[in-house]
Amino acid sequence: MDDLIARHYNFTGKFRKVHKDPGLKADSVVFIIVCCFIILENVLVLLTIWRTKKFHKPMYYFIGNLALSDLLAGVVYTANILLSGANTYKLTPTQWFFREGSMFVALAASVFSLLAIAIERHLTMLKMKLHNNGKTCRVFMLISTVWFIAAILGGLPVMGWNCIDSMNNCSTVLPLYHKAYILFCTTVFSVILMAIVILYARIYALVRTRSRKLVFRKVANGRGSNKSSEKSMALLKTVIIVLSCFIACWAPLFILLLLDVACQTLTCSILYKAEWFLALAVLNSAMNPLIYTLTSNEMRRAFIKMLNCGVCVQPSGKFSRPIMGAEFSRSKSDNSSHPNKDEPEYSPRETIVSSGNITSSS
């Protein structure tokens, strides 16, 4: 047993006698099963993107990076559970930092990937075109930056930002972490959350504004249509799903960590239930593949085809009409009367903003 870890756990009230915690509890087994599901679904998403040449585009690379980070979250959370309980006191401080730091890296990479997707979608809406050509290097540089920042963020405690020499500043949730570090991470994640909310709100506002302008133009030409408002409502539903899921999974953990910083040692009993809040954040890694990939008709079709035949998927050349509430087609609402060529300022390129990707076909 490592005396330093035991002292910190005892000081924060988390110390457990080894003989009282001999093995996995029922909730830990449930968490591991959920992690296995997370790993499986994200592996399938990665295989779908890898096997489908149509998905070898910047936006799908971001989706793939999100799946990779979520897959890693499932793996490291499983390892975290197996190394917890009585096994905690068998770890050296460095091993403990790697156990917890790997969780921070995986979850940070997942959150940063969500931000990267929101930024890419927003840029696409501003420029009204996709970055399909000549931008692969930029995309991979951005993905590399995501992982670099996540690794630095997760590695700060093992580099020295910890409370080994100042026990009074120790976190209750993570007894070797300094409260200042917990506050820093919570602030970073909260800023990212706000940025994602703002970006999706702007995406909706941009689409809504352009749809209204086109409706007014059509009404003036005697060609009124309610398709634009229907598509705007579809996008609004999608944005609400994306943001609600993200906030519901992450906000409780953010609040708990803020309580951890504010509370004195042994005063907040809710801090000893942190595993449930962390599990909820990890659950977001199970929801992301459903929200960001399977709501796309093309990805869902490729996904199912791969499961059925296990061979390289070759989707059809054209994207089908998106389902209501899952995808939003700007040009289909903006150009529903496209055969009439009296609106030259709008490109014939079709841009689909799904709940997790933006694709185009010409």
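The backbone N, Cα and C atoms fix where each Cβ goes, glycine too.
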Quiz item: In Swiss-Prot, Cys163 is disulphide-linked to which residue out of Cys170, Cys185?
Solution: Cys170
Quiz item: Quick one: Swiss-Prot says Cys263 makes a disulfide with which of Cys249, Cys268?
Solution: Cys268
Quiz item: Going by Swiss-Prot, do Tyr9 and Ile304 end up on one side of the membrane?
Solution: no
Quiz item: Which one of Asn10, Asn357 gets the tag N-linked glycosylation site in Swiss-Prot?
Solution: Asn10
Self-check item: In Swiss-Prot, the member of Asn169, Asn335 to which N-linked glycosylation site is assigned
Solution: Asn169
Practice problem: For Trp250 (sphing-4-enine 1-phosphate binding site) and Cys263 (disulfide bond), determine the Cα separation and express it in whole Å. | Solution: 20
Quiz item: DSSP helix, strand and coil counts for the topological domain 'Extracellular' (84-95)?
Solution: 9 helix, 0 strand, 3 coil
Quiz prompt | Paired segments the transmembrane segment (271-291) and the transmembrane segment (140-161) in contact, 3+ CB pairs under 8 A | solution = no
Exercise. Could you give me the DSSP helix, strand and coil counts for the topological domain 'Extracellular' (162-175)?
Key: 3 helix, 2 strand, 9 coil
Self-check item: Residues of the parent chain within Cβ reach of the transmembrane segment (140-161), under 8 Å, 6 or more residues beyond its termini
Solution: 61-62, 65, 69, 94, 97-98, 100-106, 108-109, 112-113, 116, 176-178, 180-181, 185, 188
Quiz item: How big is the Cα-to-Cα gap, in Å, between Cys268 (disulfide bond) and Phe246 (sphing-4-enine 1-phosphate binding site)?
Solution: 26
Quiz item: In sequence order, which residues at least six apart in the same chain have a CB under 8 Å from the CB of Glu100 (sphing-4-enine 1-phosphate binding site)?
Solution: Asn80, Pro157, Leu174, Leu176, Tyr177
